[in-house]
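**Q** Here it is, the structure, as structure tokens.
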Amino acid sequence: MNLKRLVNRQVVNNLSRFNGRVRTRRDFSTITASIHSSNSSCGGVALYNFSNSTPILSFNRYMHTIGETKLIGSSFNPKHNANDIEEDETMNEFLSRFVWIMRGKLTEVYKDCDKQTINNMLLVIVGKVVSEMEKGGLDQMLDVAVATLSQEFSRDLWKTVFEVSNAVLADMEKEKKKEKMKGFLQCEEVQELCRFAAEIGIRGDMMREFRFKWAREKMEESDFYEGLKRLREEVKAQEKAEEEGKNAVAMGEEAATMGEEKPKVVTLPQRHGKINYKIYGLDLSNPKWAEVADRIHESEKLDWPEEPKPISGKCKIVAEKILALKEEDDPSPLLAEWAELQKPSRIDWLTLLDKLKEQNTCLYPKVEELLLSEKSFQANIRDYSKIIDAHAKQNRIEDAERIVEKMNENGIQPDALTTNILVHMYSKAGSLDRAREALESLRRLGFRPDREIYNSMIMVYVNAGQPKLAESLTREMEARDIKPTMEIYMTLLRSFSQHGDVGGAGRIATTMQFAGFQPNLESCTLLIETFGQVGDPDQARNNFDYLMRLGHKPDDRCTAGMIAAYEKKNMLDKALKLLLELEKDGFEPGLATDSVLVDWLGKLQLVDEVEQLLGRIAGQGEAPPLKIQVSLCDMYARAGFEKKALQALGVVEAKKEQLGLHDFERVVGGLTAGGFVQEARRVHGLMEAQGFASENLKISLTASQAFSRKRPSK
């Protein structure tokens, strides 16, 4: 229907004013009384009382037909401009929604009436409402205290009309806001932010929340500037009105003449038949569209973010108390009181958590964990994973495992993201078994480990002393076209070197070259140390020469590794020759090289040469390391220097926590060989207290007591 023939611009404005006033002055409840209507001989329609189903025939005199109604304004023009068409569309949607809701309310009350009767009731109600709107009596029609309206319809019927109109306008405003929001969701700035968020790994519900947040901020910014523009236009209009007022003083007579002119009126054509309730060619009177509307409403809840409830009164006071709590306080009672007052939904809890995170970061984790058990919070797997990640970053493994157990108790299985966090946490803590279980769970979920997962697992294998298993993971990475980094290769090479695994170190060095990583000073030094540990000075020297051919100058550590390799075979002449060659090239032995020489010469009982080296170390301003003290204790004890031996022993005992099994064996063996049996037994007790055991030392100590060797002295 052409709603331009029913209402004009004044009607729309009056209806908008009604909506604003009713929201502030009235709080309509649902229909609890009765809806009345009239009954005519031709229509046979009777409106019933809700509590009493007998027809009320005293209202027959109010039955009427919609006659000619006049519009106040300009003459009728069939050619509509853009504003008129827009008004027609708005009023078309308003009346369609109004009739649809009123039909449902009438059908619910008059269950025994047929469809034709309901349609006649709607025709009477809509006709009267439109008639009141047309004749400019909207203010009187909206005031339920006016007696004239109560004579036409019952007081409760007018309340129902007001309630439905208010709901329809609210829905139309919400739809308008949704359409506006959709436009901002697709704007370039929001899309750019979403692309950036996707690049840094944000997905799923978090991406959706960020997208609506950015779009809402953009819409608020746009509304702000539109408001400024309207204020500017109002100021200009006011200034223009003042200027026109000054001109009107000089043209008073002409203005008076114009004011006396009566507005032209036109008549509306008489409406025949039922109102057509079609939108886009669909007959919305079919009941199936009610089910469609319900499904659409449910789906829109997912796309349209819910707004938090305003916090006021006592609820606001409780919220302020929660924000002011200390870390050791229990927030459970206040949270329960706030929930009872506010009746919060998830968005209300999230708003409270955001304020808590800004103002009280110490209490935030405790409250966030308590809300996992709150039914109204509707905790999902992302809430659990955030808390687990926070505990994992601070190495609180027990707290993270407690959250995982709570998640399993609530029937939520860890997903790939949560398991990924657990893998990193256990790897960082060095828990090999737990990290391996988490990795297997990740694979069962169908998730293929990425570079970060592989790096974490390789590090936990290396720290657990299993470099071969770590090497197998690098092979798996290469099979999946994931290139290990230089740091991973160096970590594996360092681990193989510490374990003296020549084969593993060689494989890693070869793999590095095939991967495009050229040997450097550190990798060559690790290979030299590895061959030195197994007593292969020839291979160590080959790597030493290869290092120099590459253009690297050997440093103190590299030279010490080469000297240690010669020490394994007692090639003192080659070691001295190497040192002389390096000194010609400007090399100066450092603490590492001197420590190896002191240890070697001490084993040879070259006391004078060792003391010369000690003098050079002292001249460099450096204290002898623990390894040198162990060598000195062994050398002086075997040589019979009691005072110096006991002095070195005192230094060693003071740092007993840093000693290994080899160091204890050397000290006890030297003391026993030198006749310091009592001191040897004391050091042996310290070794056992540290968790080390050696059958050879026990046999040696027992034999020394049996023969009771006399301690030599010098």
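Quick reminder: no glycine exception, Cβ is built from N, Cα and C everywhere.
Please treat TrEMBL annotations as automatic predictions, because they have not gone through curation.
Copied straight from TrEMBL:
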DOMAIN    431-540  domain 'PROP1-like PPR'
REPEAT    380-414  repeat 'PPR'
REPEAT    415-449  repeat 'PPR'
REPEAT    450-484  repeat 'PPR'
REPEAT    520-554  repeat 'PPR'
REPEAT    555-589  repeat 'PPR'
**Q** With DSSP helix as H/G/I and strand as E/B, how many residues of the repeat 'PPR' (520-554) fall in helix, strand and coil?
**A** 26 helix, 0 strand, 9 coil
**Q** Across the repeat 'PPR' (380-414), what does the pLDDT come to on average, as a whole number?
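**A** For the repeat 'PPR' (380-414), the model's average pLDDT rounds to 89.
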**Q** Within the same chain, where does the repeat 'PPR' (555-589) have neighbours whose Cβ lies under 8 angstroms from its own Cβ atoms, ignoring anything closer than 6 residues to its ends? I mean 6 or more beyond.
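**A** For the repeat 'PPR' (555-589), the sequence-distant neighbours (Cβ-Cβ under 8 Å, at least 6 residues beyond its ends) are 521, 524-525, 528-529, 531-533, 535-537, 540-541, 544, 547, 595-597, 599-600, 604.
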**Q** Looking only at the repeat 'PPR' (415-449), how are its residues distributed among DSSP helix, strand and coil?
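**A** Looking at the repeat 'PPR' (415-449) with DSSP, the answer is 27 helix, 0 strand, 8 coil.
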